[in-house]
Amino acid sequence: MVIGVLTLQGGFAEHIAILESLGVEHRRVRVPNDLLGLDGLIIPGGESTVMDKLARAFDLAEPLRAAINNGLPVFATCAGLIYLGTVENPAKGQQTLGCLDVVVRRNAFGRQVDSFDAVVDVEGIDANVAFIRAPEVISCGAGVTVTARVGDHVVGVRQGKIHAYAFHPESAGEVRLHQAWLASI
């Protein structure tokens with residue numbers, strides 16, 4: 001099994017460290033050819049608008065969209081969730097992949113100073129996670145399953161082979177969500 005990690009910007013190093021700790025072969029994804037032969041893809045947190053601009057600059061956005069729409073399993077955190085869905089009130093010129101049938105509100109939990117750690121039930125796993133300028137899902141299409149909530153906020157979803165979270169398990173050293181996703185591939 002070879003898992004790609006989108007390494008345009010953001011928190012990809014923590015995801016790579018988790019894959020290495022689990023003994024999973026991985027490849028950094030920056031250009032379209034890096035997608036060839038992957039069994040799954042991790043889209044990390046970071047800044048969704050920068051991720052979008054860089055993916056377009058490297059001619060990666062359309063191949064990413066095609067690979068995901070053709071069934072490539074995806075594990076996404078924070079900005080990765082935003083990049084997969086549709087954004088409520090997007091930044092000027094911001095584009096997303098639109099592969100996940102959700103509408104996302106950016107920075108739903110406040111600014112950087114409002115970041116917090118929490119234990120969140122994700123389909124029976126009490127996951128230790130970090131919320132850092134975290135988004136929330138404000139609407140889901142019929143094919144989307146809600147997998148995690150914090151109060152009234154939807155913070156985890158699954159659609160087919162896409163598992164997406166508003167939070168950062170990797171920042172808290174939480175590996176069980178990665179393990180569950182890898183086992184589902």
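Numbering starts at 1 and runs along the chain as it is shown here.
Here the Cβ of each residue, glycine as well, is placed from N, Cα and C on the backbone.
Going by Swiss-Prot, these are the annotated features:
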ACT_SITE  CYS78  active site, nucleophile
ACT_SITE  HIS168  active site, charge relay system
ACT_SITE  GLU170  active site, charge relay system
BINDING   GLY46, GLU47, SER48, ARG106, ILE132, ARG133  L-glutamine binding site
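Structural mapping of features recorded in Swiss-Prot.
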| residue | record | DSSP (3 states) |
| --- | --- | --- |
| GLY46 | L-glutamine binding site | coil |
| CYS78 | active site, nucleophile | coil |
| ARG106 | L-glutamine binding site | coil |
| ILE132 | L-glutamine binding site | coil |
| HIS168 | active site, charge relay system | strand |
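It is 8 Å from the Cα atom of ARG133 (L-glutamine binding site) to that of CYS78 (active site, nucleophile). Local packing around the Cβ, expressed as the count of other Cβ atoms within 10 angstroms, is greatest for HIS168 among the recorded positions ARG106, ARG133, HIS168. Annotation: GLU170 carries the greatest number of neighbouring Cβ atoms among the recorded positions GLU47, GLU170 [cut-off 10 Å, Cβ to Cβ]. Compared over the binding-site residues SER48, ILE132, the count of CB atoms lying within 10 A of a residue's CB peaks at SER48.
For GLY46 (L-glutamine binding site), the same-chain residues that are 6 or more apart in sequence and have a Cβ closer than 8 Å to its Cβ are LEU8, GLN9, GLY10, GLY11, PHE12, CYS78, ALA79. Listed in sequence order, the residues GLY10, GLY45, CYS78, ALA79, ILE82, ASN107, PRO135 complete the 8 Å Cβ shell around the L-glutamine site centroid, once GLY46, GLU47, SER48, ARG106, ILE132, ARG133 themselves are left out. Within 10 Å of HIS168 (active site, charge relay system), counting C-alpha to C-alpha distances, fall the following of the binding-site residues SER48, ARG106, ILE132: ILE132. Using a 10 Å Cβ-Cβ cutoff, CYS78 (active site, nucleophile) registers 30 neighbours.
With respect to their backbone Cα atoms, ILE132 (L-glutamine binding site) and GLU170 (active site, charge relay system) stand 12 Å from each other.
Residues GLY46, GLU47, SER48, ARG106, ILE132, ARG133, recorded as contacting L-glutamine, have a largest CA-CA distance of 13 Å. Looking at GLU170 (active site, charge relay system) and ARG106 (L-glutamine binding site), their Cα atoms lie 20 Å from each other.
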